[in-house]
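Q: So TrEMBL lists the following for this protein:
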| type | residues | note |
| --- | --- | --- |
| ACT_SITE | 78 | active site, proton acceptor |
| BINDING | 79, 82, 84, 86, 88, 100 | Ca(2+) 1 binding site |
| BINDING | 175 | substrate binding site |
| BINDING | 205 | heme b binding site |
| BINDING | 206, 252, 255, 260 | Ca(2+) 2 binding site |
| DISULFID | 47-127 | disulfide bond |
| DISULFID | 80-85 | disulfide bond |
| DISULFID | 133-329 | disulfide bond |
| DOMAIN | 37-333 | domain 'Plant heme peroxidase family profile' |
| SIGNAL | 1-22 | signal peptide |
| SITE | 74 | site 'Transition state stabilizer' |
């Protein structure tokens, strides 16, 4: 296992042409008067085993539950879109605030928290109070994509964990499954991302599943004729409201556990599962042109996806004394 993980990390560095002899800095910002620097190879000296530990846990989790790759990737998305990548999505509710877990886009939907708990516990035993929960999410997202056949990239690190969370912010900031292209673009532009980022990052839906409530309008044909899905699956209310047992369907019925460009092919044939997905091919000519490009050139999709993930991961909301390195990702120190 150790040799495989080490080889994986070397492949990442060689693939992107990044030198390991010196750290590369990238100044990023989110909002007015908030600036911060993320760094490659930040834990090279302080916690050299950090990335290997994360990879090992993600690899084991995905081997047991292939859907977990998409779930861990989604955690990173839902973290970064709400006040920046600060690990706030991981916080449990307390007497003083309502966290993001119970916001409508997340409630009974987000999963993978136990995997993050295990990773953080392992990291704390090796290098206490060194690796932030926000950085764990970023690394785990990268590894999840790689383990399902997708591209890899060098993750910038140095995020601080937030000391609070906001249910209201999560409700307002996260794009919904019924969003139009205009709404999607507004959500992305609010955090400094572009139209191309909208289409590239939506490609994350090439893996994973969605609950029936997320695409009910596609079944009835309300979004232009739904995909060929198991109608019986969604013909009655979910027997359970939990994220682990609710009725779900594959976002990409062709290759549901492989990170590839099949998702975009589905959109051109009208078989996108979520209304917000299908909108990319049917509502806007510019987004459709990008979809067509990704269908024709999977390498272009991979390159754009990597670049968009780095940009999204650079949305840092807490700096200096306003953040911390949590010992437990569920609670403020």
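Backbone N, Cα and C define each Cβ position, glycine as well.
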Q: Other than its own, how many Cβ atoms are within 10 Å of the Cβ belonging to residue 260 (Ca(2+) 2 binding site)?
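A: Other Cβ atoms found within 10 Å: 19.
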Q: State which of the following binding-site residues has the fewest other Cβ atoms within 10 Å around its Cβ: 88, 206, 255.
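A: Candidates: the binding-site residues 88, 206, 255. Fewest Cβ atoms within 10 Å: 255.
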Q: List, in sequence order, the same-chain residues at least six positions removed whose CB sits under 8 Å from that of residue 133 (disulfide bond)?
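A: Long-range Cβ contacts: 87, 90, 116, 120, 161, 326, 329.
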Q: Spatially, and counting Cα to Cα, which of the recorded positions is closest to residue 255 (Ca(2+) 2 binding site)? Options: 84, 85, 100, 175.
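A: Ranked by Cα distance from residue 255 (Ca(2+) 2 binding site), first place goes to 175.
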Q: Measure from the CA atom of residue 47 (disulfide bond) to the CA atom of residue 86 (Ca(2+) 1 binding site) and give the result in Å, rounded to a whole number.
A: 20
Q: Specify the nearest of the recorded positions 78, 80, 205, 206 to residue 100 (Ca(2+) 1 binding site), where nearness means the distance between Cα atoms.
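A: Ranked by Cα distance from residue 100 (Ca(2+) 1 binding site), first place goes to 78.
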Q: Other than 206, 252, 255, 260, which residues of the chain come within 8 Å of the Ca(2+) 2 site, judged by Cβ distance to the Cβ centroid of those residues?
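A: In sequence order, the nearby non-listed residues are 207, 254, 256, 258, 259, 261, 262, 263.
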Q: Tell me the Cα distance separating residue 78 (active site, proton acceptor) from residue 84 (Ca(2+) 1 binding site), rounded to the nearest angstrom.
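A: Rounded to a whole number, the Cα-Cα distance is 9 Å.
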Q: Between residue 78 (active site, proton acceptor) and residue 206 (Ca(2+) 2 binding site), how many Å separate their Cα atoms?
A: 17
Q: Rank the binding-site residues 84, 175 by the number of other Cβ atoms within 10 Å of each Cβ, and give the residue at the low end.
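A: Among the binding-site residues 84, 175, the lowest count of other Cβ atoms within 10 Å belongs to 175.
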